[in-house]
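Working notes for the structure below.
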């Protein structure tokens, strides 16, 4: 079922609190559960901020405008900075990286249960993935442009050849 964002924004505080900073920044956590006491589960719920190098220097998208977020990272980011929960990112490398990482001895205010190297490697992978997604998108758009040009009307060469044939007839 589709729920409007405004409805979710209004109802979430009834069942969960939102983190203001730290490794779960902006994430909601259900009342009665503290991720700082559950390393294996909580490392998946940590948030990673990603600044897309392809959008460096670009103006931030206007609120409510065309910017659409994909929490699974199946499309390149549409905004210069996006936040993702580790559990939502659909990337085998990052999934295996987190699965294979042992939780830190203590929950750090900066990196939670993950080591900084996991964050660094994840950001590098997101940068590579973003570039790959942009290249695929550009190739798909180029292919679609080529199809549009060849469908429905002859190319310039075809028109000239047709005129020459008609003139010679």
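Glycine is no exception: its Cβ is also placed from the backbone N, Cα and C atoms.
Note that the coordinates shown come from a computational prediction; the quantities given were computed from them, not determined experimentally.
Of the given residue ranges 31-56, 57-82, 83-108, TrEMBL assigns the label region 'Disordered' to 57-82.
This prediction places the mean pLDDT of the domain 'Transcription factor IIIC subunit 5 HTH' (5-51) at 94.
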